[in-house]
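Sending over a structure as structure tokens; questions will come in a sec.
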Amino acid sequence: MTFQHFLTVLTLASSVLAAGISSDTPIGGWVPSKSLSIAGALLYALSAIVLWTQYFLVRPRHRFMLTLTIGMSVMTVGFLIRHTYASPPYTLGKYIAWNMFILLSPCLFLGTDYMLLSTLAATFSPDVVSRCLGMPATRVIKIFVWSDVMTFLLQNGGGGLTASRNPSLGKLGTNIALVGLILQAISFVLFTFLLLTFAYRVSKYYPHIWRPENVEPFKIFSTRPAGDWRILVYIMSFTCVGILTRSVFRIIDYASGYNGYVATHEAFFYLLDAFALWVTMSLYCIAWPTRFLHAHGPRDVPLGTATVYSPVDSSKPLAEFSDHAVNL
């Protein structure tokens, strides 16, 4: 559904804006660097290849991780279109395409983290989830993924209109996209707080789960299950930093105006958006998330007792703990 909306609004925006663009003036008032566009495409393509390889090699395969692999791939395409747009920088369709691909594909990165927290929480006993997450694991997806979809549509609708030479249309598009970006940032701040709270409470109330014993040393680029689930939490926390950095930049970018200083100086974009996202989201190349999505701790953990717990039912397949994330 998300990509159907994307293509529909993209087509409508192109037809609405076509009449208002000069054929001899760069649409954004500036020309993107071709060399930096190629560098961005190469970096995202490299990460996309590694992520797609992990997706097909690590079993069982989790379909919700397609949000990450597709997000990296779409960013790659966005930078390639940005490169072709630069010579000459007068083609409206190319401008809208690269702008939308680079603006909107991070929504898939947010969705990845939302579904990872939900699926990770489901690998613990209901006691742990209730005490540490404060809500059913599936509710994380229902709340945050739907908020991501709504803010995606706002950014999508507004982003295409920002290229208009009609001042009122351009201003309207900027305001719509800005509202979407602000709401997205607020939603992700709440999610980050939820992630950190969950990790803190597990470490405080269930230290034997937070520090698992007798686990194999972690190996990067491996296809084997990983026992220390804290590594996934640490990586997710780093991705939150990258996503929030990008969110703040985008808000400032749109608030300063279509032809503002931030919007027309690529250094800000590459440092605070493209590079910040690439570095943090590429951490999943080193540690493919689904390696950590197996049962953690005993399935029955009474809080504050000295009970000798029953062992984990290790015969349970991983898919039982994660498929809820893709069947909603």
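Each residue's number is its place along the chain shown, starting with 1.
Cβ coordinates come from backbone N, Cα and C, glycine included.
According to TrEMBL:
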- 1-18: signal peptide (SIGNAL)
- 38-57: transmembrane segment (TRANSMEM)
- 64-85: transmembrane segment (TRANSMEM)
- 97-122: transmembrane segment (TRANSMEM)
- 143-164: transmembrane segment (TRANSMEM)
- 176-200: transmembrane segment (TRANSMEM)
- 231-252: transmembrane segment (TRANSMEM)
- 267-287: transmembrane segment (TRANSMEM)
Mind checking which residues of the chain, 6+ beyond the ends of the transmembrane segment (38-57), have their Cβ under 8 Å from one of its Cβ atoms?
65-66, 68-69, 72-73, 75-76, 79-80, 82-83, 221, 223, 270, 274, 278, 281-282, 284-285, 288
Which residues of the chain, 6 or more past the ends of the transmembrane segment (267-287), have a CB below 8 A from one of its CBs?
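Same-chain contacts beyond the ends: 36, 40, 43-44, 47, 50-51, 54, 68, 71-72, 75, 79, 102, 106, 109, 112, 218, 220-221, 226, 231-232, 235, 238-239, 241-243, 245-246, 248-250, 253.
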